[in-house]
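Below you will find the structure I want to go over with you.
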Amino acid sequence: MITSKSMHPTGHKAPSPSSVVVIKVGGSVLEKLSDTFFQECVQLLNVGWSPVIVHGGGPEINRLQQWAGVEPKFVDGLRVTDDETLEWVEMVLAGRINKKLVTLLEQAGASAVGLSGVDRGMIRVRPADARLGWVGEVTRVDPEPLRFLLSMGWIPVVGSLGVDEKGQHYNVNADTAAGAVAEALGAEKMVMVTDVSGIRRNRNGAEEWLSCLTTKEIDDLIRSGDIHGGMIPKVKAAMSGLGGSVREVIITSGTVPDCLNAVWQPDGVGTVIVKEDERHGTLSHLSS
């Protein structure tokens, strides 16, 4: 007789939306995550948070395409996804990367479940742009599968795929997917795990770490040139996550220990981005 863990949330209850934190792990940092990252995810559970991980896998998809002799193509930073490319995308996002993250979480002591936005039609999409092929724009997220997993004390690991009403699968930008998942769950915090430890600026010849910024302050820093180059798309993606229930987006580096501490400690690693009307004055580093 085959036995298994309970399929019902006996002894558990659904987490409150305010305790849910969506952690977006970018493809560029997956191979560089610190040895403690997955232990920190478990620590979040231990201090009362309910983490949901949403991940991309761009570099791995690039490698597969190049191995097959196909040069990756992008339009406005989004991968052009034809039929063949979609197969590579699904292999990475619903397979290799997803299961690797689940295994590492389990080894750190968590109970983790890997899925993609296709499962149970969780992330519904429509075509984003004819130039992009099978790239989807999120129209709806069904949060119930994630709520069930969270009620069991498990960590969902979501690959950023979507499906339309006809059953066609789509590639979905991971930043967009994370923001949509956060809003559907009523999460108040989202963490963008990248390869940079927050936002910095040069002041009087010295580099200064900025612990908390509003969207207006970020716009000002972009105009002044303090935020430039590859940091611009990172902060713009973070700002786009500030919508609906999400009150804070944290940019942090997954390459250093304690990168998730900013979720529950005011002096944690990274930069907290907030809406203009939710400024934490005590955290401002922009005063003259």
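Any Cβ shown, glycine's included, is placed from N, Cα and C.
Note that the structure is a prediction, hence the values are computed from the model and not measured.
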Let me know which member of Arg79, Arg147 TrEMBL also records as binding substrate at the site of Gly57, Gly58, Asn171.
Arg79
Helix, strand or coil by DSSP: which one applies to Arg79 (substrate binding site)?
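Strand, per DSSP.
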Give the helix, strand or coil assignment DSSP yields for Lys24 (site 'Transition state stabilizer').
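Reduced to three states, the DSSP call for Lys24 (site 'Transition state stabilizer') is strand.
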When the number of other CB atoms within 10 A of each residue's CB is tallied over all shown chains, which of the recorded positions Lys24, Arg79, Lys234 has the maximum?
Lys24
In this predicted model, what is the average pLDDT of the domain 'Aspartate/glutamate/uridylate kinase' (20-253)?
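A mean pLDDT of 92 is what the predicted model shows over the domain 'Aspartate/glutamate/uridylate kinase' (20-253).
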Reported as an integer number of Å, what is the Cα distance between Lys234 (site 'Transition state stabilizer') and Gly58 (substrate binding site)?
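So the alpha carbons of Lys234 (site 'Transition state stabilizer') and Gly58 (substrate binding site) sit roughly 15 Å from each other.
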Minimum Cβ neighbour count within 10 Å among the binding-site residues Gly57, Gly58: which residue?
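It is Gly58 that, of the binding-site residues Gly57, Gly58, has the fewest other Cβ atoms within 10 Å.
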